[in-house]
Structures are given as C-alpha cells and as structure tokens.
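Trainee: So Swiss-Prot lists the following for this protein:
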- Gly169, Asp170, Arg171, Gln172, Thr173, Gly174, Lys175, Thr176: ATP binding site (BINDING)
- Ser370: site 'Required for activity' (SITE)
Amino acid sequence: MDIRAAEISAILKEQIKNFGKEAEVSEVGQVLSVGDGIARVYGLDNVQAGEMVEFPGGIRGMALNLESDNVGVVIFGADRDIKEGDVVKRTGAIVDVPVGPELLGRVVDALGNPIDGKGPIKAKERRRVDVKAPGIIPRKSVHEPMSTGLKAIDALIPVGRGQRELVIGDRQTGKTAIILDTFLNQKPIHDNGPDKDKLYCVYVAVGQKRSTVAQFVKVLEERGALEYSIVVAATASDPAPMQYLAPFAGCAMGEYFRDNGQHALIGYDDLSKQAVAYRQMSLLLRRPPGREAYPGDVFYLHSRLLERAAKLNDENGAGSLTALPVIETQGNDVSAFIPTNVISITDGQIFLETNLFYQGIRPAVNVGLSVSRVGSSAQIKAMKQVAGSIKGELAQYREMAAFAQFGSDLDAATQRLLNRGARLTELLKQPQFSPLKTEEQVAVIYAGVNGYLDKLAVNQVGKFEEGLLASLRTEHKDVLEGIRNEKALTDDLKAKLKAAIDAFAKSFA
C-alpha cells in the first residue's frame, strides 16, 4: 500500500489542526433521590436559581432550592423515567419560552412546545418566563377602554387597557365565559379595525380538564378568534411545576406585544390552582409552610405575575398588557387567603354569584360588590353619559327590593324605582357568545335609562332590545357610526338616537 506525499501532508495538517483542541467541559450532577416530581441532585455547584437542567432522555427540570450540599430540582415531565444515580447536565439557560406572532392560533404547553398537532413553531425570539415588571417611570395611567362586549361590565365595571381586573366566583358561575366573550369581542377590530387598536389574546389554562380546554379552543376556532389568540395549557394531568410555570410563560408571550407597541389581553384561568401547585412544590421541597399551608411567598408569586400587566408611556411604545386573573372561591368565601391576596393586588374585581346565576341573571355579576378602580377613565364619553346614573339606580333598587318584601303598600315613587330596577336588571342580561359593540351598548342603555322600558312587561325587555338593535343596524346605521366615530353623544346624535328609539317603540307596541 503506497501513500502519496500530498496525502501525508494533508493528514499531518489535519492532525495539527485538531491538536490542542480543548475538551468541552460541562458541569454535571448526580440524582440522589427522586419522587413526587422533585429530584435532589448532588453536584451542580455553580447552578443558578431558576436554571433549566437536563436529565437523561431529554426530560427538563428547573433548579429551585440551592442548598449547601444538594440542589432541589422540580421536573417538567414524568419523574418515572429518572432514577437514582442518573447524570444531570446544566444547560446554562434560565427557563425561557418562544414568543412572537408565530404563536398566534396555536396551543402550547408551559414550555412553549406545541400540543395541537399543527407542526413545530418557528419563533424568531425567546424570552425568560420570569422577568422584572416595568418600573414606575415607563408606565402611564390607564385611559383606553378594553371592551368586553358585555353590557354589565362595560357600563358598570369598565376595564381599561393595562388594567388588572379580577374575575372571582364559585365554580360554575361563568368565569371562563366572561374571558371567552371578551376574546370573541375583539373579532370586529381584527377584521376591519386599525392595527393600533388590535388586541391580541392569550389564554392560560391552569389545572383545567382537557375537555374544557378543547371546548374553549373549539369555540375560538369556530368563531374565527383563534387566529389572534394563543392558548397555553397546563391541564389537571400535567405535573405541578408545569401548572406553576404556565401563567409566567403566557405572560412572557403577552409581554412581547406590550413591548412592541401593541396591545394584549391575558386571562389566567385560574390562579387558585396555580397557588395549589406552588404549595405542593414548596412542601415537597421542604420549604416552611404558612397560613393554610401555603408558602410564605405565595403573595409574591401572584404580585410579581400581575405587576407585569401594564400600560406603557409613549416613549416606550405605548403598548399595554391587560390581565384578567380568575380566582375560584369555595362557598362564596372571598375572605380566604388567596382571594384576599389577589383582590389586594388587582385594580378591581368582578364578583360572580351562584344565586344570581340560578335566577337566570347571566352574566351573574353582583353589581354592588364589583368595582373597577380605574373607573370611568376607561370608558368612552358616550358610555359615561348614558351609564352614569344606572349604577346608582340599581343600588337603590337592591336596597328597596330587600325592604319591599315586607311591605305591600308602597308609594308611587318606590313602585317606580322597583319597576325601573327590574327592567334595568333584565336589560343587563346577555346570552353567551353574543358580545355587543360599544356603540350598540350605548344605544340600548340609553333606551333603558330614559324610560323606554318602563311601560313594557319585564319579559318583553329582551325582545325589545333585539328588535331595537336590528332596527339600528339596518335603518339607522348612521347613528351607530356617529357614536363610534364621535365617541360621545352630541346633541345632534342624541336627537337622532331618540328619534330612532321613538320610532321603534311605536312599532313595537
């Protein structure tokens, strides 16, 4: 066998080139014990808090407890495949997720991996899940409306862009339905509104049944709302660390829009289950328990998440992230630990009540207990003009209704108040999946507060509203357009609206 000289020089060059290459050093540790989704790892001396580590078979985990002789790692996946003595590698990266418009229309898990079978996500950017909230200087006070399409909320408990409004109530009172209707209400703006008004939606399902999440996605898809929405799902069968992480992952995805001068809305459904998952992790990591066995930093868990919802000022792009966290109460007890925590963090709350729900008042909003701490600065002027008196009238009505149960002989003024209140309550009812545009709400509420419903039987109010809206949408488009463009009820518009309602009321009778 003969080797040519040229070949020898090529081989020597290759050898010389590869000589002295340093071996790659990666820091590894060893699993001491594993169980209940927690691994104790020996080694990994330089690991960072919150760093992603990798177990054999590609299972990932996150270092949470950094102790003197071992590291407590929570496992994002099944712990069955990890055994004592397994080698654990550092990745050097803090937990992050893909973000950007590529995620719109997709369903992902808490680590941003697609779970909808529509192929991989080619995101151009990744972000850390747990970042610091914007400070005081980059923010601006909330002043633009974030319309939900629900009369009871937009008129009485208005939510602004950049606000955090808690949705709180017992199970099966329609909490998720409020978030779903709000998402669906953004469709007209996405279809033919200006880009600067578009609101991208993120839904985070924590500890929900898979069937519930599938139903939610199906409704969004059928109604064409999935194209501007992202769904992050950590269902009941997912490990606790995934349920803990999902809200932070969803928030990072929403922040991408906020920081790029766009607007996003995120619904956390629900934070009670995130707190339970966090409690489970903390107790298994042997952190000391506090009230109701929650760890001492469970308040910080929710406050650092919800503080990231903000309205940024013009120098920072004027984007916003609005949060609608959900809390499930047990037996209407809003003074339990987690509900009081989240009430104190948010800028107002929407209380949903079981007995209202069963009385057929849906959405089952308790108007007396619900507040928006941003208030009317998150409403257009037209809505302020018509809805100003309605809250007071309803408060008087509730007081009188409780009182009137005892006495039969009521004077005319009280009778009038009770009649008006019953009709306004009826007017605020709304079927699911039928959000109304703001200008339509203004017209309907104008009819309610100006006595057009007083002569009708209570069971006719719904029909009157449907008929009035149909008439306005076909014969009086100019009135609705006027309210939409002017954002206020000028004398001219008021006269036109009054004439339109008068004409319809005559034909309805």
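These residue numbers are counts, starting from 1, taken along the chain as shown.
Even glycines carry a Cβ here, placed using N, Cα and C.
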Trainee: Among the recorded positions listed here, Gln172, Thr173, Thr176, Ser370, which has the most company in the form of other Cβ atoms within 10 Å of its Cβ?
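Mentor: Neighbour-count leader: Thr173.
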Trainee: Can you name every residue in this chain, apart from Gly169, Asp170, Arg171, Gln172, Thr173, Gly174, Lys175, Thr176, with its Cβ inside 8 Å of the center of the Cβ atoms of the recorded ATP site?
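Mentor: Output for this site, in sequence order: Glu328, Leu352, Thr354, Phe357, Ala364.
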Trainee: Where among the binding-site residues Arg171, Lys175 do you find the Cβ with the fewest other Cβ atoms within 10 Å?
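Mentor: Counting other Cβ atoms within 10 Å of each of the binding-site residues Arg171, Lys175 gives the minimum at Arg171.
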Trainee: Using a 10 Å cut-off on Cβ-Cβ distances across all protein chains shown, tell me which of the binding-site residues (Gly169, Asp170, Gly174) has the largest neighbour count.
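Mentor: Highest number of other Cβ atoms within 10 Å: Gly169.
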Trainee: Give the three-state DSSP assignment (helix, strand or coil) for Gly169 (ATP binding site).
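Mentor: In the DSSP reduction, Gly169 (ATP binding site) maps to strand.
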Trainee: How many whole Å apart are the CA atoms of Thr173 (ATP binding site) and Ser370 (site 'Required for activity')?
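Mentor: Cα-Cα, rounded: 15 Å.
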